[in-house]
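Per TrEMBL, the feature region 'Disordered' maps to B:1-70, B:319-348. If you look up TrEMBL, you'll see B:94-112, B:145-166, B:173-195, B:207-227, B:234-250, B:256-275, B:392-413, B:420-437 marked as transmembrane segment.
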Amino acid sequence: MGAAVFFGCAGIAFGPALALVLLTVAAEPLRVIILVAGAFFWLVSLLLASLVWFISVHLSDQGNARLQYGLLIFGAAVSVLLQEAFRFAYFKLLKKADEGLATISEDGRSPISLRQMAYVSGLSFGIISGVFSVINILADSIGPGVVGIHGDSPYYFITSAFLTMAVVLLHTFWGVIFFDACEKRHYWCLGLVVVSHLVTSGLTFLNPWYVASLVPIYIITFCMGIWAFFTAGGSFHNILKCLSCKQEDDSRVMMYSALQVPFED
Amino acid sequence: MITFMNNSDSEDEPCNERTSLMSAESPPVPSYQDGLQASETREAQTHRKRQTGSSRSPNNVADEDTSDLDVRVRESALENEEEELTLKYGAKHVIMLFVPVTLCMIVVVATIKSVRFYTEKNGQLIYTPFSEDTPSVGQRLLNSVLNTIIMISVIVVMTVFLVVLYKYRCYKFIHGWLILSSFMLLFLFTYIYLGEVLKTYNVAMDYPTVILIIWNFGAVGMICIHWKGPLQLQQAYLIMISALMALVFIKYLPEWSAWVILGAISIYDLIAVLCPKGPLRMLVETAQERNEPIFPALIYSSAMIWTVGMAKPDTAAKGQSQQTWDADGRENHSSSSHSDSQILDTRSPAPSHPITLEEMEEEERGVKLGLGDFIFYSVLVGKAAATPSGDWNTTLACFVAILIGLCLTLLLLAVFKKALPALPISITFGLIFYFSTDNLVRPFMDTLASHQLYI
């Protein structure tokens, strides 16, 4: 407990997300807006899911622990489905916005491509989902206390941090795959994304048996990552090109400067 | 306490010098610039910003003329590109407002979460005389509604008073009032804040050091806000005084009254700005008739400064990447020629290629947001952070809600191109998210977290 745990877990949970935001999103205003709007959509989905859960809990027998646990599972499933539904809704909104931006712009092309929007929206869902899952835990980790003093796992904080990192990355990948699937109408891809989200959420029900939950979740994350990479247009060839750090010869640069209007004094 | 209200009420200053800092304050020309003009006026639309004109100085008038001409040049050049420029600026200007609003909220939330003083109940303002320590829920609700009615009436009276003063050109009176109120904010409230922070962290500080710190902070603040100063320093001071004001409200407004007041203020804002006889709308129209910069006072402006003058080929060619501007740059240009063939040069975070005329035009206007909007957004988020349960999810949900509200308001501004109130959409979303997150989402997420379940 203490500052070390706080900073360590915060770094684990949000390190990749922060790096991605700083390097790819922060510089472009449009992407920041898409990020915040994505968070809003996720929040609305969570609100609706919480409403469903809350009603179901209050209509049921609060003393029955098994029933309550069952309702929690139900609530989690509803939440996952609603998140994906709102991801679809966000896709629709962004598609419309993309068309709007294209008509408004000078050269008829939108300043941001649908793939970039897919990535940013996935990242936004991931960040807000991760934050909502783990921020209270992180806040508690600063304070005094002993983890798992009543017999729970002492690895609560670190496993939460790793789970959060996985969730953030997963949402990013799902965003890319989902939007691409919607665009190309590959409904089986959509179904697979929803199923993998449900499976991931379901695997967390195996906590604190961390070997059974964390390892498969990371395997899923890795697979989704590869799938998203190929969906986004990546290929082995691209990786090699990137690693070899070759500069592309861009003859367009020359043309541009030739067309430049000289400034008058 | 009376001055207290004055502080809150009159955050505006007739910053004629400020007009010289930012070209965004040029007089509203009903043209292409309308959308952004509207953004200038709109933001001041909160009851707090009853602004009134500045005492004109000849220096200023020259600036106005120059900027007037600039506006016309731009206008003619760019009418056909109106649509796309509105949107292109849209994203950038939204971010230019997101950043200060976020900073203000961060300061308020950080203070609320760490300094106990601002969450302790030590009495109430005279504007909310009814106590909420009553046994029954109905009585408490009634008291909070009565408190709200009193508070809103005081605000309406103040607004109308300011509009009347503005109409009858009592600029000196307003100027004096504003200087007095910002003086109190910058010195007294900062002193109290510093004292509480030091108490929280148990740091000892002797009086001479405190006097030195407060004196420097306050004096530089007064100069920056009321006279000239680097843009970013001015922005920082405005954010700080908004945060201080919000903290005071969070401390002294009783729980339920605060929420009802937030709701009522947004409704009032909506009425005052959109109704034909609304005080703020009348203020805007009067200022437009007089061709004066509408709210050259305590409004947060994110404008990038322009330099109007002959084209500077080398700067344009290399592109400037400097981010700080100060008034000196602006003043050099007030004496520039008024010829119609002015080529506008801009210092802005530059692209690597030479800046074309269109791009220069794009960078020209910043967006303005009234400080009252900052204050009430921060009050909402601060109150969310001050909930006894200590839940961070509520705070974050309200934060996102407010940012989205701001984004939507700016979008509506781009569509309608007239003065719009900044509070209603954000506060509505904020309130919905606060109550639903606190009552519905919090138990759900807590239960999930206790089983270490992720959704």
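Placement of Cβ uses the backbone N, Cα and C atoms for every residue, glycine included.
Sequence-distant contacts of the transmembrane segment (B:94-112) (same chain, at least 6 residues past either end, Cβ-Cβ under 8 Å): 118-119, 193, 197, 235, 238-240, 242-243, 246-247, 250, 300, 302, 366-367, 369, 374, 377-379, 381-382, 385-386, 395, 399, 402-403, 406-407, 410. Counting residues 6+ beyond its ends, the transmembrane segment (B:392-413) has Cβ neighbours under 8 Å at 35, 38-39, 42, 90, 93-94, 97-98, 101-102, 105, 109, 367, 377, 380-381, 384-385, 420-422, 425-430, 432-434, 437-438, 441-442, 445 in the same chain. Using a cut-off of 8 Å between Cβ atoms, the transmembrane segment (B:256-275) and the transmembrane segment (B:173-195) share fewer than three residue pairs, counting only pairs 6 or more apart in sequence.
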